[in-house]
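Copied over from TrEMBL, here are the features:
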type	residues	note
ACT_SITE	A:CYS329	active site, phosphocysteine intermediate
BINDING	A:ASN266, A:ILE267, A:CYS329, A:SER330, A:ASP331, A:GLY332, A:TRP333, A:ASP334, A:ARG335	substrate binding site
COILED	A:503-537	coiled coil
DOMAIN	A:117-493	domain 'Myotubularin phosphatase'
Amino acid sequence: QVEQVKLLDRFSTSNKSLTGTLYLTATHLLFIDSSQRETWILHHHIAAVEKLPLTTSGCPLVIQCKNFRIVHFVVPRERDCHDIYNSLLQLSRTAKYEELYAFSYNPKQNESEQVKGWQLIDLAEEYKRMGVPNAYWQLSDANRDYKICETYPRELYVPRTASKPIIVGSSKFRSKGRFPVLSYYHKNKEAAICRCSQPLSGFSARCLEDEHMLQAISKANPSNRYMYVMDTRPKLNAMANRAAGKGYENEDNYSNIRFQFVGIENIHVMRSSLQKLLEVSGTRGLSVNDFLSGLENSGWLRHVKAVLDAAVFLAKAIAVESASVLVHCSDGWDRTSQVCSLGALLLDSYYRTIKGFMVLIEKDWISFGHKFSDRCCQLDGDPKEISPVFTQFLESVWNLTEQFPQAFEYNEAFLLQIHEHVHSCQFGNFLGNCQKEREELKLKEKTYSLWPFLLAEQKKYQNPLYNPDFSPELTLLEPNTVSFNFKFWRNMYHQFDRSMHPRQSMLNLIMNTSEQNKQLEEDIKELEAKIKQRNGQSDVVLEKEQEQTAHPAPVALKTPPCFQKEQPPMPVNDAVRTIEGSNTADNRYSELVSEFSKAEPAVVSLEYGVARMTC
Amino acid sequence: MEFAELIKTPRADNVVLHRPFHPAVEGTLCLTGHHLIFSSRRQDNAEELWLLHSNIDSSEKRFVGSLGTIIIKCKDLRIIQLDIPGMEECLNIASSIEALSTLDSVTLMYPFFYRPMFEVLEDGWSSFLLEQEFELLSSVTNEWRLSCVNKEFSVCPSYPPLVIVPKCVDDEALRKVALFRHGGRFPVLSYYHKKNGMAMMRSSQPLTGTNGRRCKEDEKLINSTLRSGRRGFVIDTRPLNVAQQARAKGGGFEQEVHYPQWRRIHKYIERFNILQESFIKLVEACNDQSHNMDRWLSKLEASNWLTHIKELLTAACLAAQCIDREGASVLVHGSEGTDSTLQVTSLAQIILDPRCRTIRGFEALVVREWLQAGHPFQQRCAQSAYSNSKQKWEAPVFLLFLECVWQIHRQFPCSFEFNEQFLIMLFEHAYASQFGTFLGNNENERAKLKLPQKTMSLWSWVNRPEELTRFQNPLYEANSLVIWPSVAPQSLQLWEGVFLRWNRPSRFLEEAEEERINIIKYNKELQAKVNALRRQLAQLETDEESQEE
């Protein structure tokens with residue numbers, strides 16, 4: 001515990017600050033300011049801690065978080081600062097999975113609830129929903145013991161005509177043994193999205209089993225004679241891989257394939273791209289042109305567009321041409337996951353529901369071995385393995401929700417919350433790099449699943465504009481991917497910088513109103529019943545009624561409890577976290593007078609007749 | 001002149017109309033003196049397009065064989081294409097369009113011919129009189145008076161006949177001050193902040209020249225708005241060096257020696273041709289669907305449009321802050337005081353004054369701070385972003401103001417009584433309209449053209465209850481506070497409703513907006529029903545009680 005610590009406003013140039021006390025707990029860093037507002041920071045969320053040179057007011061400590069929060073403390077005494085710094089360094093770098101928060105997190109669920117929680121998302125059920133197994137596709141037990149591919153799940157769906165020797169042979173010809181398997185099956189078009197890793201073709205190698213495998217996939221689609229093979233990498237990268245004995249499919253060796261590069265950059269490019277973006281958006285006193293040129297130079301939106309373009313290509317191949325598509329990149333767990341899951345999202349409205357989106361993430365990301373642990377740096381490891389691949393996926397989905405405001409059951413808060421927990425290590429779902437690892441960690445016994453918790457508070461994540469009939473079950477969502485449709489995701493990258501958000505949130509207002517409407521409908525039913533009862537019988541117990549009339553107007557719907565007081569169970573929803581900026585709309589301004597005078601960003605300092613507006 | 005002379009081919013059949021995101025339609029094209037009318041032939045779904053000639057910014061013709069194509073680019077930024085069979089017809093129509101859309105004489109414009117099909121409930125020409133404004137002011141302060149020194153437009157040709165000035169300054173002094181200010185635009189009251197009694201005035205630059213001329217009356221006039229011992233701020237919308245250079249041409253700025261109680265702040269806002277170029281570049285960027293991401297972002301940046309927005313919002317926040325936070329009076333001017341000055345004063349009022357965020361209040365603001373204050377609409381809005389002729393006086397000054405309002409609106413979506421459509425409607429009518437409101441460059445010209453007698457006012461139409469419903473914001477809830485917008489680049493957005501309006505499919509966004517409105521409407525219905533049922537129940541209860549007694 002350190003007192004008299006100052007929390008600086010990140011974007012203010014006038015060094016505005018809040019003074020308060022800093023507490024260090026086993027799992028969180030907690031700052032309570034003089035007005036008792038709490039800021040909780042989970043140790044696992046800390047991406048970097050930096051101690052800046054001593055200043056007159058104390059020792060500055062800058063903490064960067066994986067959820068893009070950046071806090072700037074000034075600790076009065078250097079020794080305290082040093083202690084905090086060292087503790088945070090240790091606490092934020094975990095060496096073993098067992099030390100992660102998820103293993104100590106106890107949400108007061110009993111064992112059966114815990115088990116039920118893990119059963120909430122059932123992938124076997126999901127494949128059944130898609131319509132497999134069927135005449136063309138079957139469940140393969142080839143990987144039952146993770147013998148063929150360690151990073152795949154046990155249950156894999158393959159064409160019926162792909163015999164075990166073909167599977168084994170094909171897996172040997174694919175990087176990390178990740179042979180082509182079913183990711184999504186489109187019932188109406190009888191076409192499939194399949195995924196794999198790159199072939200070990202080098203400059204000339206070929207593998208008959210692998211060729212048979214692709215043919216089997218192609219034949220499993222009775223409505224089309226050809227299939228697409230999408231290599232999601234830029235052509236140059238794929239060619240370079242040939243020198244290392246890897247590479248891409250030679251169209252001459254595979255019959256009836258249409259090969260296509262789509263040019264999504266690799267994890268290293270994405271990492272540095274986001275880094276550049278954050279540097280720009282974190283600049284104080286940023287000008288519009290610096291922002292736009294920084295946005296351009298970071299390449300971030302270009303990458304997001306590339307991912308979505310690839311997904312559109314995939315979805316169209318299936319929906320328009322009824323052709324099956326095999327998607328791969330290098331290892332088939334980053335770009336492949338992005339493209340397969342987004343493609344399915346465009347094709348199937350189920351994935352645009354809250355439950356369906358959970359299923360999609362479980363299927364294409366968790367079970368198929370997107371390396372969450374490495375990419376999100378859950379354990380202290382190789383920084384070169386870190387990459388915002390999943391964040392990019394969420395951003396692509398957000399872009400779709402912007403273009404189709406009524407097509408999604410979930411709202412932006414849902415995407416942000418998932419992002420939060422991918423990094424929080426509070427729940428077991430995203431721990432580890434693949435299913436095998438998760439089983440070894442006994443996550444289902446020792447940790448809890450995130451999904452039941454999100455479902456329990458799904459009111460917060462519901463899109464009030466959602467129209468379930470927006471698109472009939474299997475009609476394609478066709479986004480417009482002209483560049484101007486892609487926008488900077490302020491609510492993600494400046495989630496915690498309240499001053500940048502609209503002061504009144506339209507989303508919150510509509511959400512509350514829509515929620516209130518449900519309540520009012522109930523009230524009407526109740527009142528009507530009572531009136532009926534009154535009219536029907538004369539002697540009624542009066543007391544009850546009086547109680548009712550004394551009831552205040554139904555309008556008193558409170559804002560979803562401000563995260564402030566909500567400590568664990570979900571401490572991640574900490575004090576300052578407000579997705580849409582301050583809750584002015586909910587409060588209908590009653591409390592805003594003071595809010596304005598405090599948190600107001602536009603401070604003008606009038607010096608020598610030159611005014612500086614800062615924000 | 002007869003319009004018929006200009007129309008050699010009044011009608012063409014089998015014309016095909018192309019619009020982005022709409023299927024092509026075949027139909028008949030008719031030209032009238034003021035309209036281009038296209039009607040589809042299909043009986044079932046007769047579609048008509050009425051386009052004012054004055055809305056046409058530029059037109060091009062092309063030929064492939066005998067099939068001619070005319071591409072029409074409108075001032076509201078829409079682009080349509082007409083395929084006209086027959087070389088001669090096409091040539092005739094193209095030249096008619098060219099001629100009719102570039103008529104020189106104001107009195108030939110449509111507003112002079114337009115006869116409304118609706119009953120006028122309230123004459124918009126007299127909806128917003130300064131007398132009413134002054135009456136409101138008099139109820140809170142007696143420091144100001146209404147002066148008719150400019151009755152004949154002789155003191156300042158670009159001012160209205162009536163202005164509000166400090167009570168202690170007489171008309172004689174005003175005449176002297178007018179001689180000391182560019183174009184005779186002496187300081188007048190723009191806004192009075194009831195909360196603390198501070199005033200915002202606007203004027204043009206003082207004519208100090210190189211030898212530092214001064215004018216005692218001018219000093220007295222503006223000093224009279226200061227509380228004893230308090231300072232005021234002069235917000236000059238030019239950078240210091242431009243203001244200094246202006247002295248060589250007889251202009252200048254308030255010098256410290258003569259205005260010791262005033263602190264000068266230079267807050268640069270771009271002018272005229274720079275803004276027009278920016279506008280043209282932005283529209284160009286938005287109209288090219290083929291741009292890859294890098295090119296789009298660099299074009300957006302190169303247009304500088306959002307920079308202008310940010311600068312303007314910042315200046316307005318600054319003025320508002322001086323008044324509300326610093327408790328100081330403010331004088332705003334640039335050179336002429338007809339463009340950037342008005343942008344700043346009107347935006348500051350949006351921030352400070354809840355009344356300006358209502359529909360009527362906003363209309364009053366546009367009338368007071370733009371039309372009566374002498375913003376030269378006719379010059380500025382003569383051409384829009386597709387003009388290829390050499391620019392003269394065109395500049396999207398008013399559009400920038402509207403966009404800034406939109407930016408604030410986005411940040412405070414519940415604080416405005418009007419919606420985005422209202423702002424877009426004003427943009428359209430400023431550039432081309434059947435109403436006379438935006439004709440002329442100032443009240444003097446409007447009086448000479450007898451606009452109130454000869455044309456219909458936009459406000460007569462907008463303020464009809466049927467029309468108003470289209471412009472109301474269902475989320476509106478009166479907010480009496482000062483609203484401070486964020487001006488961080490991350491908080492600003494491209495105004496898609498104007499710039500991407502014709503470039504993207506908008507169906508889903510419109511439907512979502514409808515759904516939002518429905519949710520709010522439904523809420524009101526439910527509330528009313530609950531209340532009615534409650535009353536009914538209470539009534540039943542009292543009845544029963546009395547029975548029991």
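The backbone N, Cα and C atoms fix where each Cβ goes, glycine too.
It should be emphasised that the depicted structure is a prediction, and the values quoted were computed from it without experimental measurement.
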Between A:ARG335 (substrate binding site) and A:CYS329 (active site, phosphocysteine intermediate), the C-alpha gap once rounded to whole angstrom: 6
Chain-mates of A:ASN266, A:ILE267, A:CYS329, A:SER330, A:ASP331, A:GLY332, A:TRP333, A:ASP334, A:ARG335 with C-beta within 8 Å of site centroid, substrate: A:SER197, A:THR232, A:ARG233, A:THR336
In three-state DSSP terms, the structure that A:ASN266 (substrate binding site) belongs to: coil
Sequence-distant neighbours of the residue listed as 'active site, phosphocysteine intermediate' in its chain (C-beta under 8 A, six or more apart): A:SER197, A:GLN198, A:ASP231, A:THR232, A:ARG233, A:ILE264, A:ARG335, A:THR336
Per-residue pLDDT averaged over the coiled coil (A:503-537), given as an integer: 87
Binding residues A:ASN266, A:ILE267, A:CYS329, A:SER330, A:ASP331, A:GLY332, A:TRP333, A:ASP334, A:ARG335 (substrate) - maximum C-alpha distance in whole Å: 12
A:ARG335 (substrate binding site): secondary structure state under DSSP, collapsed to three categories: helix
Per DSSP, three-state class assigned to A:CYS329 (active site, phosphocysteine intermediate): coil
